[in-house]
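> Sharing the features that TrEMBL gives for it:
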- 54-64: compositional bias 'Basic and acidic residues' (COMPBIAS)
- C7-C38: disulfide bond (DISULFID)
- C17-C28: disulfide bond (DISULFID)
- C39-C50: disulfide bond (DISULFID)
- 54-75: region 'Disordered' (REGION)
Amino acid sequence: MSRKDPCQKQACEIQKCLQANNYLESKCEAALQEMRKCCARYTKGRSVCCSGFEREEREREKAKLTSKGISPPPQ
């Protein structure tokens, strides 16, 4: 039996917001931020809805390390 994705509600809110705002992400920053908060609460891989946000976070960390002159670990 499958469990409900813990961040599904936030993912649906993003979709509703994007549809209502002609898919302008800038109009949905609050919904996106709530999704990021939800994804941060759960271990990696627990929420399918968070997969894109987890990738975004990895890219952000990689950029941060690179800007400090530190080579990011290989993936």
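Quick reminder: no glycine exception, Cβ is built from N, Cα and C everywhere.
The shown structure was predicted, so the numbers you read here are calculated from the model rather than taken from an experiment.
Are these features on the surface or tucked inside, and what touches them?
Break the compositional bias 'Basic and acidic residues' (54-64) down by DSSP state and the numbers are 11 helix, 0 strand, 0 coil.
Long-range C-beta contacts of C28 (disulfide bond), restricted to its own chain and to partners at least six residues apart, with a cutoff below 8 Å, comprise I14, C17, L18, N21.
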